[in-house]
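Peer 1: Encoded as structure tokens, here's the structure I'll be asking about.
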Amino acid sequence: MRQGAARGCRWFVVWALLGLTLGVLVASAAPSSPGTPGVAAATQAANGGPATPAPPAPGPAPTGDTKPKKNKKPKNPPPPRPAGDNATVAAGHATLREHLRDIKAENTDANFYVCPPPTGATVVQFEQPRRCPTRPEGQNYTEGIAVVFKENIAPYKFKATMYYKDVTVSQVWFGHRYSQFMGIFEDRAPVPFEEVIDKINAKGVCRSTAKYVRNNLETTAFHRDDHETDMELKPANAATRTSRGWHTTDLKYNPSRVEAFHRYGTTVNCIVEEVDARSVYPYDEFVLATGDFVYMSPFYGYREGSHTEHTSYAADRFKQVDGFYARDLTTKARATAPTTRNLLTTPKFTVAWDWVPKRPSVCTMTKWQEVDEMLRSEYGGSFRFSSDAISTTFTTNLTEYPLSRVDLGDCIGKDARDAMDRIFARRYNATHIKVGQPQYYLANGGFLIAYQPLLSNTLAELYVREHLREQSRKPPNPTPPPPGASANASVERIKTTSSIEFARLQFTYNHIQRHVNDMLGRVAIAWCELQNHELTLWNEARKLNPNAIASATVGRRVSARMLGDVMAVSTCVPVAADNVIVQNSMRISSRPGACYSRPLVSFRYEDQGPLVEGQLGENNELRLTRDAIEPCTVGHRRYFTFGGGYVYFEEYAYSHQLSRADITTVSTFIDLNITMLEDHEFVPLEVYTRHEIKDSGLLDYTEVQRRNQLHDLRFADIDTVIHADANAAMFAGLGAFFEGMGDLGRAVGKVVMGIVGGVVSAVSGVSSFMSNPFGALAVGLLVLAGLAAAFFAFRYVMRLQSNPMKALYPLTTKELKNPTNPDASGEGEEGGDFDEAKLAEAREMIRYMALVSAMERTEHKAKKKGTSALLSAKVTDMVMRKRRNTNYTQVPNKDGDADEDDL
């Protein structure tokens with residue numbers, strides 16, 4: 001009803017303005033043609049008789065019930081005509097009834113209404129102006145700084161050191177040309193606490209033995225199957241990115257080669273390895289980068305109540321050392337600061353790490369976002385924290401969330417204050433002030449919001465009011481708990497969802513809701529104010545046209561009249577358009593100079609009912625009276641609403657009909673200025689990154705596999721090949737034999753081992769040389785050459801035995817047999833036979849030579865037999881020398897030159 005009233009009021013104002021405008025335009029455009037007595041008009045008698053033509057117009061005049069020709073419309077409205085042309089009106093235009101039928105055919109839904117005068121039985125009044133609503137807004141909008149925390153899914157990481165000994169026992173069968181492993185036993189043994197502290201950390205050495213328990217039996221493994229010694233730790237061959245390592249040996253010990261026997265060899269490799277360790281909430285165990293689990297809390301110890309932490313091992317397997325100075329096994333440098341060192345022995349290894357207290361080393365929450373501008377608004381029973389920077393809205397309760405309920409949440413307050421102070425100093429220090437202390441709220445999805453309210457410096461006087469409001473939101477019991485109560489207070493771990501989409505959707509909904517509510521609020525306010533303004537116009541317009549105002553108000557056609565400050569209304573009766581006939585003249589024949597201001601009509605309530613005379617009112621109203629009279633004026637032009645169109649009367653006579661489309665429409669609507677929803681781009685926002693999700697697990701399988709596959713490369717020499725030596729057993733036996741004889745035996749052993757080694761090397765060299773084809777050929781040639789030399793030596797010995805002089809002096813004997821010197825032959829002839837003295841001397845010399853040879857043989861045999869034989873030989877030598885000195889004289893040398901010439 002209010003909407004209809006508003007439309008009616010606007011139409012009334014517009015039509016009033018339009019009527020005044022058209023009147024002015026018509027008056028200014030109409031030509032002045034006074035003295036037009038022959039105006040052609042068809043009038044109808046008061047009893048409703050047929051219309052008759054006016055006299056001075058020649059020809060028959062159209063009657064009132066003449067039907068207009070169908071589909072005959074003027075192309076353009078005819079211009080105003082002077083009064084003298086009234087005779088041509090009937091001939092130049094179609095009859096009124098034909099035009100009316102055209103209008104009725106085009107607008108079959110146009111109805112007419114007969115409105116009886118109201119009697120006052122029903123009266124109405126207008127509603128008083130209403131109080132317009134205010135725009136819906138959130139309560140207590142507050143700006144501030146926020147730090148959003150999420151669940152910390154990252155594990156607690158720390159450095160640990162592993163001490164263990166790799167024990168390898170290999171069984172080898174040696175053949176003549178090959179070796180075969182019959183079995184390899186590998187095990188890992190822990191390093192005792194004393195060895196870790198007194199040997200490895202103090203001196204950088206490790207024992208060559210491994211003592212450990214397997215199957216409840218204590219066993220000991222000896223490196224190289226030898227006595228216990230200290231072995232130097234050396235850096236590993238290949239270090240990883242996150243750890244270092246040291247070990248004592250690169251090569252596996254294999255037993256000495258003894259063909260056709262099974263031999264065993266033991267290798268003990270002491271390994272010290274720095275590894276990364278991880279532990280996740282509730283920190284009851286941790287795992288090493290090698291994949292080994294330790295079922296003890298990394299915070300277990302004997303200090304500050306840490307003995308209450310979880311452990312699955314016996315007490316004698318754990319040791320805590322205060323004032324421990326770690327040593328770098330590569331540089332041998334000692335740490336400058338002492339630490340508290342935890343040591344734990346497991347069946348496979350010993351692990352050590354620096355002990356730290358649980359608080360504040362770990363925290364179950366971590367900082368996610370720092371928001372410079374966070375708007376907090378109150379909707380119903382919740383707070384909504386919205387930020388355009390991250391396109392997110394968080395919903396929380398109105399009460400703060402106490403940090404004491406967060407298990408291991410010591411880092412929250414410190415990190416939040418540091419971030420807020422940094423943001424405030426950078427951005428708000430000169431324009432805003434802080435309101436109270438940071439507040440903490442638990443949002444949906446497991447996000448903890450640390451919020452610092454801010455106030456502009458211009459609103460500083462409102463600080464007290466805001467502070468009081470904040471105090472009302474504090475928990476019911478803000479007093480600090482008594483000592484010891486925190487231990488009994490229930491704590492919880494906040495679980496944060498891995499998706500932020502719900503907060504993004506909440507932000508989108510709030511963004512749209514805020515825009516729509518603001519828009520609808522403005523529309524509601526404008527509508528209410530417009531209604532109040534129009535109500536004043538309606539109150540004034542009802543005095544001018546109560547029928548139109550009443551019809552627009554009640555939403556249907558009624559008749560009304562003012563009864564003081566109220567209106568009396570009556571319901572109008574609809575009349576079909578086919579039962580209404582308009583007459584073609586508006587002049588009153590009985591009263592010259594008087595004319596009707598509205599066209600006259602005849603109508604029937606029903607199709608076969610009696611004809612009723614009346615007058616056409618406004619908006620297709622059929623008035624039962626004909627009292628709308630005005631003085632006739634010159635240049636009269638009027639447009640009257642008739643059915644679905646208009647009828648045009650000129651000089652109080654019908655001219656032609658027009659449709660509504662032929663009249664220019666002036667809009668009375670007020671444009672509604674609605675701001676379109678602005679574009680908003682969502683930025684990618686992740687609660688947990690891929691790296692955080694990947695790193696959240698307790699065990700990094702990639703790191704474990706990488707370390708396991710690098711173990712042999714780091715702590716073993718995979719390139720060196722040891723060939724089995726058959727003489728190794730002999731050398732090992734000789735070495736062990738001489739080692740048991742003390743220092744002198746070791747000295748002698750070195751000499752003997754050197755000689756034996758040389759012999760073995762020579763034999764090995766010969767064997768290697770013989771195995772070469774070229775060497776075998778060379779040896780064959782040498783053998784043939786040796787046989788040839790032996791043959792010639794044998795021949796020489798045989799000749800020496802048969803004829804020594806000929807063998808010793810072949811040339812001399814040859815010259816004696818065949819003399820070539822003539823002088824010698826002559827002298828021989830003169831001299832005759834050989835000199836007997838010289839022959840005797842020669843015989844004597846030969847005899848003494850034989851004697852000397854016999855004496856030397858006797859002395860040599862006496863040396864072999866003993867001391868008595870040696871004395872006998874000496875006495876014999878003295879006798880022979882004495883005898884030789886008395887009987888032997890030197891042969892004169894005076895004939896030497898002659899003898900030489902003779903020879």
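Cβ coordinates are placed from backbone N, Cα and C, and glycine is handled just like the others.
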Peer 1: Of the listed cysteines Cys572, Cys595, which one does Swiss-Prot record as disulfide-linked to Cys632?
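Peer 2: As annotated by Swiss-Prot, the paired cysteine is Cys595.
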Peer 1: Pick from 112-115, 448-451, 788-791, 848-851: which range does Swiss-Prot record as motif 'Golgi targeting'?
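Peer 2: Within the set 112-115, 448-451, 788-791, 848-851, Swiss-Prot attaches motif 'Golgi targeting' to 848-851.
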Peer 1: Of the residue ranges 469-491, 814-836, which one carries the region 'Disordered' annotation in Swiss-Prot?
Peer 2: 469-491
Peer 1: Just how many other Cβ atoms lie inside 10 Å of the Cβ on Asn429 (N-linked glycosylation site)?
Peer 2: 10
Peer 1: Give the sequence-ordered list of residues that share a chain with Asn397 (N-linked glycosylation site), lie 6 or more positions from it, and have CB atoms under 8 Å from its CB.
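Peer 2: Correct list: Gly381, Ser382, Phe383, Tyr441, Leu442.
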Peer 1: Helix, strand, coil: count each for the residues of the motif 'Golgi targeting' (848-851), based on DSSP.
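Peer 2: Reading the DSSP string over the motif 'Golgi targeting' (848-851) gives 4 helix, 0 strand, 0 coil.
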